[in-house]
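Have a look at the structure below before the remarks.
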Amino acid sequence: MTFEDVAVYFSQEEWGLLDTAQRALYRHVMLENFTLVTSLGLSTSRPRVVIQLERGEEPWVPSGKDMTLARNTYGRLNSGSWSLTEDRDVSGEWPRAFPDTPPGMTTSVFPVADACHSVKSLQRQPGASPSQERKPTGVSVIYWERLLLGSRSDQASISLRLTSPLRPPKSSRPREKTFTEYRVPGRQPRTPERQKPCAQEVPGRAFGNASDLKAASGGRDRRMGAAWQEPHRLLGGQEPSTWDELGEALHAGEKSFECRACSKVFVKSSDLLKHLRTHTGERPYECTQCGKAFSQTSHLTQHQRIHSGETPYACPVCGKAFRHSSSLVRHQRIHTAEKSFRCSECGKAFSHGSNLSQHRKIHAGGRPYACAQCGRRFCRNSHLIQHERTHTGEKPFVCALCGAAFSQGSSLFLHQRVHTGEKPFACAQCGRSFSRSSNLTQHQLLHTGERPFRCVDCGKGFAKGAVLLSHRRIHTGEKPFVCTQCGRAFRERPALLHHQRIHTTEKTNAAAPDCTPGPGFLQGHHRKVRRGGKPSPVLKPAKV
């Protein structure tokens, strides 16, 4: 077998009909086929078309050259020291050109009789010269079933045959190399009458044409984007060097099955088959109750628990049950206060990786969701929805026991612990328990004496971030809490609430002004009492 047996040529007119992506696909496959033939020791000279492709020149040939190079291919293969054999009887010649070829395009092909189902093997013939005793490599072979006949490159149907990773048995029998075929989504070649349609090698349904495949996959091949649009990405990847090394890699437990669409590698062929469904969009496992389909049986099993209400994974600490084991693992971090996902920029830790990913958007400036009323921006749409309730006053989450309403579901969940008395967060040093993890974190600072929140202006440290924010307003002069009746502004919300009592008292009893001391006065009063000094007189409001 020579390179001419697998080469494809175009005339100048035919070459002009191809777009950029189709030409890139042609260059890549031709060079890969030449590399394969050379590695087998079957070709010594470098053909003119290969030189043109390596130089980036246009590889078209004069129209007078005979381009039906597939004629009598099977006979020529048997004449050499290597032969291409079938696992079944072969009768007749290989197809010389693809069916339905557009006018003016006569394309020679790599022989692919019954390409969807046949299994071919390369056998070493006795009596071969020593120069041809090189072992065949484990490189994937590309069989061209329908070369660039579509209007777009993603319509070209390419069959990828992955080399079997099993080591050949040590015996006197000729060494064989078997290829297993996997189909890449795209246009399927039309099948002659009385011939079964090509079946997807991934377990599932069979399709006779591209429209049926696209309808079943929901057009996923179009949504794949660059994976199908860029031939060099589709056909890229490094291959094992020799057949023996491929077998040794399998025995050593190394990954040997590679997806040609995304270069992901798997240890088992069954794992590759499952992965291929993400590209084809095939979902053969369907729920009998709602009709929803899944690509794996495990996903269907998890989904069916929604209908049955089964929650087999229970927390040993609090008894809460979950449908998925992963949900139980995330829940158990509440009890352990484990936060293994830490931000490399600010050091903030999170219990879930998804929360860390959202947090990183803050450093990157990624806050695409803006409030229409105040302009505040958020990295999540759910956070924006929660924030908008502060403007509307909406509190859709109501406690069934006491009727208290909340704007967030998490606030209701925490409130319900008041009724149940649940305190799942325990301090490891003193044993004190808390209903919230944030309260436990603040409590642990008492044991360590740590004050992680430090003011950049005066250097004063604080145990709570909220206290630092309030302290910073002393330096900035900011007073965000404004009285709606008189316009007076305050640095802290408690001070505003105390001030608003003046207006409410004036309405109920204009003759008796509110003499209730403010929070600052009471704090100073208590300090003097603790120090043994003479306390200031506490003014009490006049009785009506």
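Glycine is no exception: its Cβ is also placed from the backbone N, Cα and C atoms.
Swiss-Prot marks one residue of Lys65, Lys214, Lys268, Lys320 with the annotation SUMO2 cross-link, and that residue is Lys214. The stretch that Swiss-Prot tags with region 'Disordered', taken from the ranges 101-137, 323-359, 508-544, is 508-544. Per Swiss-Prot, the stretch carrying the note zinc finger among 1-23, 24-46, 139-161, 369-391 is 369-391.
If you look at the zinc finger (425-447), the same-chain residues 6 or more away from its ends with a CB under 8 A from one of its CBs are 334-335, 337, 414, 417-418, 463-464.
Each residue in the zinc finger (481-503) gets a DSSP state, and the totals come to 11 helix, 4 strand, 8 coil. Among the listed stretches 285-307, 313-335, 397-419, 481-503, the one sharing the most Cβ pairs under 8 Å with the zinc finger (453-475) is 481-503.
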